[in-house]
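According to Swiss-Prot, the protein carries these features:
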REPEAT    53-74  repeat 'LRR 1'
REPEAT    76-97  repeat 'LRR 2'
REPEAT    99-120  repeat 'LRR 3'
REPEAT    122-143  repeat 'LRR 4'
REPEAT    145-167  repeat 'LRR 5'
REPEAT    168-189  repeat 'LRR 6'
REPEAT    191-212  repeat 'LRR 7'
Amino acid sequence: MGNTIRALVAFIPADRCQNYVVRDLREMPLDKMVDLSGSQLRRFPLHVCSFRELVKLYLSDNHLNSLPPELGQLQNLQILALDFNNFKALPQVVCTLKQLCILYLGNNKLCDLPSELSLLQNLRTLWIEANCLTQLPDVVCELSLLKTLHAGSNALRLLPGQLRRLQELRTIWLSGNRLTDFPTVLLHMPFLEVIDVDWNSIRYFPSLAHLSSLKLVIYDHNPCRNAPKVAKGVRRVGRWAEETPEPDPRKARRYALVREESQELQAPVPLLPPTNS
């Protein structure tokens, strides 16, 4: 259904698109899914709220900045996609949808999340990437069943210690933030399987060898002078990731300094000879 709608509205002027979509949605879809992604919506079509058995609702890539209270009638909703819209605040009605398992909020203009988000105790996956977050909202630490957290491309400088409460968390994506140190709280979360801190400003990585569940760590595009130590079988993606054993930190520091000086002087600098250690 969603693909059909998108194919049709591509040929409809923006000022007529909203009315067309409303008329098209006359019956409850058999698959209990409505996909209005990329439909140029500026307001939510209220008729959708009559589909009380709806399980999946995709509103990605529109021009929405609010949602009506009638959305709260969709109490069977498990997946809600609001990414790539114009939300500056999360509509309170979203926090009343207590069956939500997956919530996509990426690529909006969110600076915080409401405390009422803690009511979504069935939430397993939360995407809040590419917003305006300068710190991870405390309410995220109250989502006890959360398994996947995507908070990349924000302006995070650190993570709250309360994050360790999320003992079901398995994957955390933090790429493209402003981390200058590896978040200490992650060292106390042995249940994590995937850690992504790509594109930050981390200069030193502590050992991650004690994280017994870890399967993948992505640390590329950091000004680091060492690679994180990991247990056998854990995949690393970043500088020195394929070297075994891990490079001598002294040699790594010397290499990094030479490279930095070379870039500053904009002239080639010979590599230092290896030490005998």
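Here the Cβ of each residue, glycine as well, is placed from N, Cα and C on the backbone.
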Intrachain residues whose Cβ lies under 8 Å of the repeat 'LRR 1' (53-74), provided they are six or more past its termini: 2, 28-29, 31-44, 46, 80-88, 91, 93-94, 96-97, 104
Residue numbers, six or more beyond the limits of the repeat 'LRR 6' (168-189), whose CB comes under 8 Å of its CB atoms: 124, 129, 144-161, 195-206, 208, 210-211, 213, 218, 228
For the repeat 'LRR 3' (99-120), distant same-chain residues with Cβ under 8 A (at least six beyond the ends): 60, 75-90, 92, 126-134, 137, 139-140, 142-143, 150
Intrachain residues whose Cβ lies under 8 Å of the repeat 'LRR 4' (122-143), provided they are six or more past its termini: 83, 98-115, 149-160, 162-163, 165-166, 168, 173, 176
Helix, strand and coil residues within the repeat 'LRR 6' (168-189) as assigned by DSSP: 5 helix, 3 strand, 14 coil
